[in-house]
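Enquirer: Structure below; questions to follow.
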Amino acid sequence: MKSRFLPVLALGAVAVLPSMAQTPSVGAEQLRFWARAQGYGDQPVTRFIVRYKDETATTQRAGIAATRLGKLRTVAGETLVYVRPSANLAHVLSLPKVMSETDARALARQIVSSDSNVLYAEPDERRYPQTVARAAALDAVPSTTQWNLLAPSGSQTGGMNAVGAWASTQGEGVTVAIVDTGFVDHADLSASMIGGAAASSGYDFISYDHDCTSAGTAYTGSFLSAGDGDGPDANPTDMGDYVTSAMSNAVGGLRGCSVQSSSWHGTHVGGTVAAVNNGTGTLGVAFKAKLLAARVLGRGGGWISDIADGIVWASGGTVSGVTTNANPAKVINLSLGYESTSGCSTTEQNAIDTARANGAVVVVAAGNLASSNTSIDVPASCAGTIAVVAHSYEGDLALYSKYGSGATISAPGGASDAGCRSYSGSACVSATLGDAALINSTSNSGTLDAVADSYRAEAGTSMAAAHVSGAAALLYSLMPTLTPDGVKSLLTASARGFPSGTFCATATDGRCGAGLLDAGAAVTRLQALIPTVSATSSGTAAGGRVTLNAGASTSADTSRSYTYRWEQTSGTAVSLSSSTGSSVSFTAPAEGSTVAFKVTATASDGIAASGAVSLTTTASTGGGSSSGGGGGATGLAGLVLLLLARAGLARNRLTGGRRQA
């Protein structure tokens, strides 16, 4: 049976899994190269997203008024078809034919300039899973291959040290949303899913098909991408994202898409985050966290509009026509993206902003293999994300990983063969470990439809992002009040330095982020920053004023400041002068009353702690009581008057009571 803290992970030996030629996952790269060769830019475009200025959360229309749709059609010179309302007051429309990205962006600018009431318009692009290498599916995984969870030891310097956090937190009470392909049931994962099964673990946002090529018209008549025969629904089960040769060659929704087997990508990512501690298979970073599925990727990737809906819904936000999520996520994992030359879309940025406003941290894969590795993909490049690059067993930047401005941190992504960016020869241990240097997690043995539970070793920034999401869940479990920026700060401030001789060790421009992820160090830093809170009272006389005072500090950082919130926890109800502030007051109730209060001190990053104070009122002094524990302002005034009186008496004695000129 697997023990509580994973002693089954040997620090020294690493078992090598059966080797398999590494094959690309979803064909983002192939599509990009095809699109450019055909003159479509980065992507062929078949849909648009439009938002109007005069709609609000209470007035968003279920469709676009006929006059507005007519105006859009006039500007486009095409018969645009209304698809659906989307999150953050946006609307999705379909084109009757495929457009190049350049033409689509020009049309978007025309739409905005032709109507002063249009807030923005942009192409509804596609995004793809960020996985680059896959080994053969296995019925069981050698326990020694989860190097990624270990503390660094010997040549293994890439582990994230999850084991160093587990004595304090295992992710209890935290929901992590996997915005991805959905889940399949798995003995090592289903217990972590919301509802205990893939079918009840979240929501399916995949809408109708897109056409990967110019087949004359954009095909919108089926749900081949979703694979479930319908549009969005409450069952986020992964139906498989395989594309057969027949699908790729037929006129229809998957024409031109790369032929591939099913990736079970969401299940693999979910397992890295929260595979359960059940004595079999693999173990997740936060194995007591709960997993929420927002299914947005199918065959041929997924629409920006579907992904945005998934992000907003997962965080507890409103999506038109979808029941509000009863299990809002504190962590949202996006192991997806695309190398878009136009940068973060307005739709994606709005969704990320909404999630952050709802208190969720958004973790995004930086991206893999592309025409240039020196800039991270979208949506990792959007503001407010934690953008994750990938490193290898020995802590070198993985050869496939994107890096550049905007990267936040590096996490285990796995690498094999010639997978190290700088290390060579014997220094690149990954090259000798083969598949054991990849990331093992939950999967399925089916190449098309789901067949049976399995495990698979994979590599990519998808896997790296999942480790960071797991670490974020560990932090939230310890401190639920953390802000998204607070989580980011803890992870980056506690990151280990890049190993000497690695690609990132010589970078001074932050291109690889703050360092290597270390969950144990992040938890230790959080614990050190939890303040000690003191609470005192002055004044106890019934009918008098009682003052409550609070203070907070931590020796780990004496410069931190706090806000305070008071609440009465027991006794005769009193009216506080304020519920906030380091000092508040109230009128003491009748003699003999015992009242108790709690004060919570919170720093700007959400790290908080509480203190308590109680008092029992005493008899009234007649003249009233005041703050200061019986002294205070009134006592001091009385003392001054007494001293003045004594001074006057002494003066009278010296003059014999005679009036002086």
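Cβ atoms are placed via backbone N, Cα and C, with glycine included.
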Enquirer: Choose the correct range: of 350-369, 630-649, which one does TrEMBL annotate as transmembrane segment? Give that range.
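Expert: My reading of TrEMBL: the transmembrane segment range is 630-649.
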Enquirer: Please report the Cα separation of Asp180 (active site, charge relay system) and His265 (active site, charge relay system) in Å, rounded to an integer.
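Expert: About 7 Å separates the two Cα atoms.
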Enquirer: If you measure His265 (active site, charge relay system) to Ser462 (active site, charge relay system) at Cα, how many Å is it?
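Expert: With the alpha carbons as reference points, the distance is 9 Å.
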Enquirer: Including all protein chains displayed, how many Cβ atoms other than that of Ser462 (active site, charge relay system) lie within 10 Å of its Cβ?
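Expert: There are 33 such Cβ atoms around Ser462 (active site, charge relay system).
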